[in-house]
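J.: Found this in Swiss-Prot, in case it helps:
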type	residues	note
BINDING	Asn15, Ile17, Gly42, Glu64, Asp89, Asn108	S-adenosyl-L-methionine binding site
Amino acid sequence: MRTIRHKAYKSLGQNFILDPSMAEKIVSYAGSIEGYNIIEVGPGFGTMTEIILRSKVASLLAIEKDRRLSPMHKGLMQKYPNYRYIEHDVLEINLETMISAPSKMIANLPYNISVILLLRMLKYIHNFEKLTLMFQKEVAERLVAKPGTKSYSILSVLVQLLCDVEKVKDLQPGAFSPPPKVCSSVVNITPLGNLRFPVDYSYMLKMLKKAFGCKRKTVRNALGLPHQEFDALLAECRIPPSVRAENLSVEQLCAVSNFLQSRQYQFSTG
C-alpha cells in the first residue's frame with residue numbers, strides 16, 4: 001500500500017484508493033481494456049493508473065487538478081510512453097476532444113464534481129464504449145433508480161435515456177484514505193449509441209426541469225398546463241390525472257415531451 005505524503009483536500013473531493021487489490025478489482029469491472037484508449041479523472045496517487053497501464057492499453061489520459069501529485073505521475077510517464085497526464089480542472093477543459101475510439105473511462109471521481117461532470121458528459125457520452133465510475137452511494141442509487149422511488153430524479157431519467165446503468169459494487173468508507181463519511185459504489189455505464197426512446201433531448205431537458213422542479217406537484221401543476229391541453233395529454237399518453245413526474249417511467253416522460261413539443265408548448269421561465 002502506498003504511503004500518503006499529502007493531506008487530501010476536502011475542497012477537491014479527494015478520497016484516495018491506496019489498496020492495489022481493490023484498485024485492480026475496480027479496473028476489472030470495465031472488462032477487457034487491452035488496446036483501448038482510457039481516460040481517468042482524479043487519478044490521485046496513481047494506484048489505479050498503474051494497473052490500467054499494465055493492462056496493455058493503447059493509451060491512458062489522466063486528468064488531475066491537484067498539482068502536488070504531478071511528480072508521481074511524471075515518473076509514470078517516463079516509465080510508460082503511452083501515458084499522458086494533464087494537470088488541470090476537468091470541468092475547465094474540452095474533454096470531448098480528448099476521446100479517441102475505442103475509448104473507456106475508468107475513474108474514482110472526485111465526489112464534489114461527479115454529478116456535474118456526468119451531466120456534461122451526457123452530450124457526448126456515446127463516444128465512450130463504457131464508463132466504470134466511482135460515486136457516492138447516494139448518487140449511484142439515483143443513477144439506477146426506478147420510477148416511484150425516493151432516488152428517482154432528472155439524473156435518473158437522463159442517464160437511463162442514454163445508457164444502460166448497473167451498480168456493480170458497494171464500498172465501505174474504510175476502502176479509502178481518508179475514509180469518506182458515506183459509502184461509495186462502482187457503477188458501469190454503457191452508452192446505447194442512440195436515445196432509448198425517440199425524443200428531442202433539448203426540449204425534454206426543459207420539460208424535466210419543470211416537471212421535477214416541485215416534487216409534490218402533479219405533472220399538470222408543475223408544467224402549468226391549461227385544462228384542455230392537459231386533458232389531451234392524458235388521452236394521448238395514457239397517464240393518470242394526478243400523477244407526479246417522479247412516478248412516470250423514462251418512456252412515459254418521453255411521450256409527454258413529444259406530445260407537448262408537437263403542440264409547440266413553451267415552458268415559462270418563472
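Glycine is no exception: its Cβ is also placed from the backbone N, Cα and C atoms.
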J.: Judged by the number of other CB atoms within 10 angstroms, which among Glu64, Asp89 is the least packed of the binding-site residues?
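T.: So among Glu64, Asp89, the binding-site residues given, the one with the fewest Cβ atoms within 10 Å is Asp89.
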J.: Could you tally the C-beta atoms, other than its own, that fall within 10 angstroms of the C-beta of Asn108 (S-adenosyl-L-methionine binding site)?
T.: 27
J.: Would you mind checking how many other C-beta atoms are within 10 angstroms of the C-beta on Gly42 (S-adenosyl-L-methionine binding site)?
T.: 26
J.: Rounded to a whole number, what is the top Cα to Cα distance in Å among the residues the record ties to S-adenosyl-L-methionine, namely Asn15, Ile17, Gly42, Glu64, Asp89, Asn108?
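T.: 20 Å is the greatest Cα spacing among the residues binding S-adenosyl-L-methionine.
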